[in-house]
Amino acid sequence: MVTPRRFTLTQYLIEQRRRFPGASGDFNALLLDLALACKAIARSVAFGELGGVLGNPAAEVSTAVNVQGEQQKKLDVISNDYFTQMTEWGGQLAGMASEEMDEPYQIPATLQRGKYLLVFDPLDGSSNIDVNVTVGSIFSVLRAPQEVIDSGRDVVEADFLQPGCQQLAAGYALYGPTTMLILTVGNGVAGFTLDPNLGQFMLTHPDIRVPEDTQEFAINASNARFWEAPVKRYVDECLAGKTGPRGKDFNMRWIASMVAEAHRILMRGGIFMYPRDTKDLAKPGRLRLLYEANPVGFIMEQAGARVSTGREPLLNVQPTALHQRIGLIFGSKNEVERIERYHAEPAKAVDTHHPLFGERSLFREEVAL
Ligand SMILES: O=P(O)(O)OC[C@H]1O[C@](O)(COP(=O)(O)O)[C@@H](O)[C@@H]1O
Ligand SMILES: [Mg+2]
Ligand SMILES: [Mg+2]
């Protein structure tokens, strides 16, 4: 019996590169360095740095607070260091930006600078670390402006402010029961599983497609009182199940690791919402556009899913700041389109007699919309 051929990540990238006969190999080299960073982070997440980080809540918190005002976990900082250290030396990058760094990261002048920009969330869902729930890393590769490439100058915030449709590659690693790497280079989505014996990401999910329909949604329901009317309406209808306007029951999930929710949706469909809300008017959403929403959005679209702010396709949004937040809705196409339709329709008064919004309701509606 012949064992079926299994491709490594390297072999997959060589195959993809055949589409671009003039390619220098820089792009693939960068993606392999990123994969190496993810392997190193997987090890740190699994075992704890020097065995001392996990299972010891005091050790998990660093003293620093990031630009988002969030307390950094030690593993946030360690993961950020892996990303910068594994990718800065190869000569492919003009600069980087990360959730954990206030300003763009400069490739040291002693090293060669290249033509790509890297943006990343080194550890997504890090509030889950101390309870041993799946976390991940998210990254996006953009082309640096030509003038940056030609001059080799330091990068500035404006260089990174490119809409998601201009991404060249996006991926995430998932540190779950197995470590996986999900990648798009603009030609569909492929999933790789880390073989711990070989230390290699092996191609296990060659062409991931998200089903167009679903009966599963994910949203943080504790924010219900801050949601806008179209989102309230959608969730209301899902919860009403068979007896409601949708005529079918829905299931709900919330992990609080966007990367883990994205993975579930890639594997079996579903819809994820962290919509714009009124919780904090200075923050028009929870998730960060450049290094959370856009890369996951690119992956989703390449897998046939739909990605939106509710009001417009997410990948068309012109960023205005490095750490900008955005309302994000993605997943099974027909459900996302439905929510977009709800946003486009004139505002409807919420039915306060509905069990969800009534006096003794699950989500009490206090503001007439
Ligand atoms: O606590 P909440 O509101 O459920 O937030 C969960 C969201 O926050 C995030 O964890 C933010 O990511 P970070 O851990 O990188 O800050 C998302 O992955 C997730 O969807
Ligand atoms: Mg995150
Ligand atoms: Mg993070």
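Backbone N, Cα and C define each Cβ position, glycine as well.
Among Glu88, Glu99, Glu147, the residue that TrEMBL places alongside Asp121, Leu123 at the Mg(2+) 1 binding site is Glu99. Take the Mg(2+) 2 site that TrEMBL assigns to Asp121, Asp124: the candidate from Glu237, Glu261, Glu292 listed for it is Glu292. Considering other CB atoms within 10 Å as the measure, the emptiest surroundings among the binding-site residues Asp121, Gly125, Asn220 are those of Asn220.
Taking DSSP states H, G and I as helix and E and B as strand, the domain 'Fructose-1-6-bisphosphatase class 1 C-terminal' (210-343) has 60 helix, 25 strand, 49 coil. The binding-site residues listed here (Asp121, Ser126, Asn220) include Asp121 as those with a Cα within 10 A of the Cα of Glu292 (Mg(2+) 2 binding site). Checking the binding-site residues Leu123, Asp124, Ser127 against ligand 2 with a 6 Å cutoff on the Cβ atom leaves Asp124, in sequence order. DSSP assigns Glu99 (Mg(2+) 1 binding site) to coil in the three-state reduction, placing it in neither a helix nor a strand.
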